[in-house]
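Undergrad: First, the structure itself, so that you have it in front of you.
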Amino acid sequence: MAMSKIMSLTGLLASASLVAGHGYVSGVVVDGQYYGGYLVDKYAYSDNPPETIGWSTTATDLGFVDGTGYQSPDIICHKDGKPGALSAEVAAGGEIELQWTEWPESHHGPVLNYLAPCGGDCSAVDKTSLEFFKIEAKGLIDGSSPPGHWATDDLISNNNSWTVTIPASVQEGNYVLRHEIIGLHSAGQKDGAQNYPQCINIKVTGGGAATPAGTAGEALYKDTDPGILFDIYSDLSGGYPIPGPEVFSA
């Protein structure tokens, strides 16, 4: 085989590896019960996919939404996101373990979690009507040596999973949990940040009285936000400003 063909094949294989390595949330565990998510690399090609708690998406390349899509509906629950038909039941104050298929070590960045009340059955909600409040965010953990140790590194070390606690004070009801990784490996340049939003439907039981104010998905970020336009390969001693609204505090 000619050298040019070998190099071309190597490049294609490397590209395929990068795409396959992004991953997605394949399911969650609540109180020991497993709920399957939307398996985009399988169900998107099926005429009759099973009903799940996970939102469907057309992101079959396991790709991302960048700054050019921050004011489009794709940033809400990924590309062409549509509500799942089912919901996972979780007690207020309970934990949800979100299981990723995989995540590439090089894609350092924060992990963020939001809730938005559906005002009814989440399976029929208009995603553009959802208003999200942030319940958790973790970013740079150790910046002593660039590119630093990030929340994504903890996710990887925890068998590609992330556990989030549902605030005990929120009202019971139906919510969309928006779980997101922002890859910052190319974020030193405009529109280089890579957002990977993943949405699931949950039903919170036994909650309190809190009804936090929310933000529309298309207003969560700007492509010039300090935590979006950020060079992880420079001096990190100043820390990292996590983008989006402040974390809700009861």
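A Cβ is built for glycine as well, from the same backbone N, Cα and C atoms used for every other residue.
Per Swiss-Prot, the feature signal peptide maps to 1-21; the stated evidence is sequence analysis. Taken from Swiss-Prot, the feature Cu(2+) binding site applies to His22, His107, Tyr196. Here Swiss-Prot flags Cys77-Cys199, Cys118-Cys122 as disulfide bond, drawing on similarity to another entry. Taken from Swiss-Prot, the feature N-linked glycosylation site applies to Asn159, supported by sequence analysis. As annotated by Swiss-Prot, O2 binding site applies to His185, Gln194, with the evidence given as similarity to another entry.
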Undergrad: What is the number of other Cβ atoms found within 10 Å of the Cβ of Tyr196 (Cu(2+) binding site)?
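TA: If we count other Cβ atoms within 10 Å of Tyr196 (Cu(2+) binding site), we arrive at 24.
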Undergrad: Select the closest residue to Gln194 (O2 binding site) from the following recorded positions, measuring between CA atoms: His22, Cys77, Cys118.
TA: His22
Undergrad: May I ask for the distance between Tyr196 (Cu(2+) binding site) and Cys77 (disulfide bond), taken between their Cα atoms and rounded to an integer number of Å?
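TA: Here the two Cα atoms lie 9 Å apart.
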Undergrad: Rounded to an integer, what is the Cα-Cα distance in Å between His107 (Cu(2+) binding site) and His185 (O2 binding site)?
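TA: A Cα-Cα distance of 5 Å.
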Undergrad: Hey, how far is His22 (Cu(2+) binding site) from Cys122 (disulfide bond), Cα to Cα, in Å?
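TA: Their Cα atoms are separated by 27 Å.
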Undergrad: To which of the binding-site residues His22, His107, His185 does the lowest count of other Cβ atoms within 10 Å belong?
TA: His185
Undergrad: Below 8 Å Cβ to Cβ and six or more residues apart, same chain only. Which residues does that give for Cys118 (disulfide bond)?
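TA: Non-local contacts for Cys118 (disulfide bond): Val125, Leu130, Gly173, Asn174, Tyr175, Val176, Asn201.
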Undergrad: Within a 10 Å radius around the Cβ, which one of these recorded positions has the most neighbouring Cβ atoms: Asn159, Gln194?
TA: Gln194
Undergrad: Nearest to Cys199 (disulfide bond) by Cα, among Cys122, Asn159, His185 (recorded positions)?
TA: Cys122
Undergrad: Rounded to an integer, what is the Cα-Cα distance in Å between His185 (O2 binding site) and Asn159 (N-linked glycosylation site)?
TA: 21
